[in-house]
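Residues or ranges marked as transmembrane segment by TrEMBL: 12-30, 42-70, 90-114, 146-168, 188-213, 233-258, 295-314, 334-354, 503-525.
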Amino acid sequence: MLKVFKFLIIYWKTLFTLIFPIITLPIFLCHDTKANRCMYCFALMSAFWMTECIPAAITSILPMIIFPLLGVLNSDAVARSFLNDTTMMLIGSVAIAIAMEATGLHVRIALYVIKFIGCSFCKLHIGLGMVTMFISMWIANTAATALMIPIVEGILVALQNQGLITMWKRDDSLPPEDWKPTNVTKCYYITSSYSSLIGGTGCIIGSGSHLAYKGLYETLFPDSPGVEFSKWMLFNVPLMLISNIFILLWLQILYLGLFRPYSQTAKDLSTGKEAAAAAKVVIDQKIVELGPLKFAEIAVAVVFVLSIVFWFLRRPGFMKGWPDYVSDVKCGDAVVAIAAFVLFFIIPMEPTFVHYCSQDEAKRPTESSKGVLEWKPFSSKMHWNMLLVLGGGFAMSDAAKQSGMTTVVANYLQTFLTDSNLLNLIIVCFTGSVITQFLSSNVACVTIMTPILLDICILRQTHPMWLGLSNALACCYSYFLPVSTPPNALVSGPARMGGKEMMVSGCGTYLACMVPLLVIFPLYAPLIWDFTFPEWANVGNNTQPEF
């Protein structure tokens, strides 16, 4: 019996991969319709995504096999789902992030902002949180967290060397690597994760789940205005700032003794001026190590700012967008993203060509400068798995709509909802966020839930953004466990924080984000979007399920 149990533990992924597709066959064998065949595919891919019995990217290309074989969608239609405006936008936005990393621009921004805000314990904590949030708006939250971890470590080590803090609780019965972290260590490390997660909500390119939502929404409603970059930021940046302020306040109350001046933690951190001086030395040293501002950093900054401006002005709402003046066909956000992508391969890392005619022979270049981006480094850092996950999600959404599956599921699920749109909003947000905490990644959750939620909105004559957008945001609030999201996993190692400790900090952080969302969304979102049920939503929902 023990051998059998051990065998199951070792090979459960293989067994699940082989057995689950067989035991779920009755989904469509008992009543063979196109909607039920599509439901079988949904069940299969959802289970594989949640358990990761095979890599998520490999699960994402299963539609290329099972949809044509089951007669749900032809292979050409499936293949087109993997390369569209949204996936091209992902390529361009990742290129911007990689260009920042290649030039070190993001590090320079982080260090100067922290220095500007101040280096006392509380100010330094706020600076770390705000910088991480800002950087995570434009690059992957995992990359933003990975960037901040060595900066946090350097600051903590410097403070400890000055005798101002202790990073670990000394326990002579244990080896040093098993010592527990002090409150200040936990606070600084966990901030780099939590602020990166909330920072990703501020901009549509900040999270794969947002791009998934954008692609699904615009695929299902091709006649809609789409998910506009400018309106997304107009709503989400204030929400992001408010949530991050609450997160930082909560962490300071929990770990730094804020509002508890007589607590032991507050007394331990009372040496404000000495700590600020020690941290400032570390920041100044790292700035010196960066050297003077380089040509490539300036070039990346210019392209980055221009990209934001052109994204914002594509459909600003208060005036015609720039595409209206240059073209008669639709120009999506991917146009700007790919333009930036191409420019990074053209712009040189060093402008050595200006010295080609120099009288000083030593300054004359002997070979051309490399570009800011080169294909091999880019291809090794590109999120190809995310590209496949998005494509797989779009294929699932297309199949669900064509087969009528979303209508069948939406008809069933809406019986669990109420007549109150506000209460339905709360139910959906909590459901999506709980799934991402414990069961699935936020991209997979958004991919699975969005087509169904959009159909529920249509059946209830509610604007599709009401449940779709709120769910996409709530799915980013993964704060409870190290396994909930990669940034949490990244900080759990150096911070030596287990699941129990992260649950404590995560509960307050979750409320610091969820409460503002549930309050601000019903009050502020209608000022940006017209939530009257649109005519184009009915037009996009003319597929009837096959019974």
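Numbering starts at 1 and runs along the chain as it is shown here.
Each Cβ is built from the backbone N, Cα and C atoms, and glycine gets one as well.
Curation plays no part in TrEMBL annotations; they are all automatic predictions.
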With pairs closer than 6 in sequence left out, are the transmembrane segment (146-168) and the transmembrane segment (90-114) joined by 3 or more CB pairs under 8 Å?
yes
Which bits of the chain, at least 6 residues beyond where the transmembrane segment (146-168) starts or stops, bring a Cβ under 8 A of a Cβ in it?
101, 106-107, 110-111, 114, 124, 128, 131-132, 135, 176, 179-182, 184-185, 188-189, 191-192, 196, 268-269, 271, 274-275, 278-279, 281-283, 286, 490-491, 494, 496
Other parts of the chain folded back onto the transmembrane segment (233-258), taken as Cβ under 8 Å at six or more residues beyond its ends
121-122, 125-126, 129-130, 133, 137, 183-184, 186-187, 190-191, 194-195, 198-199, 201-204, 264-267, 269, 312, 473, 504-505, 508-509, 512-513, 515-517, 520-521, 524-525, 528-529
Using a Cβ cut-off under 8 Å, which residues of the same chain at least 6 positions beyond either end of the transmembrane segment (188-213) come close to it?
86, 89-90, 93, 96, 124-125, 128-130, 132-142, 144-145, 148-149, 152, 155-156, 181, 227, 229, 232-233, 236-237, 239-240, 243-244, 247-248, 251, 333, 337, 383, 386, 389-390, 393, 442-443, 445-447, 450, 468-469, 472-473, 475-479, 485, 487-488, 490-491, 494-495, 497, 502, 505, 509, 513
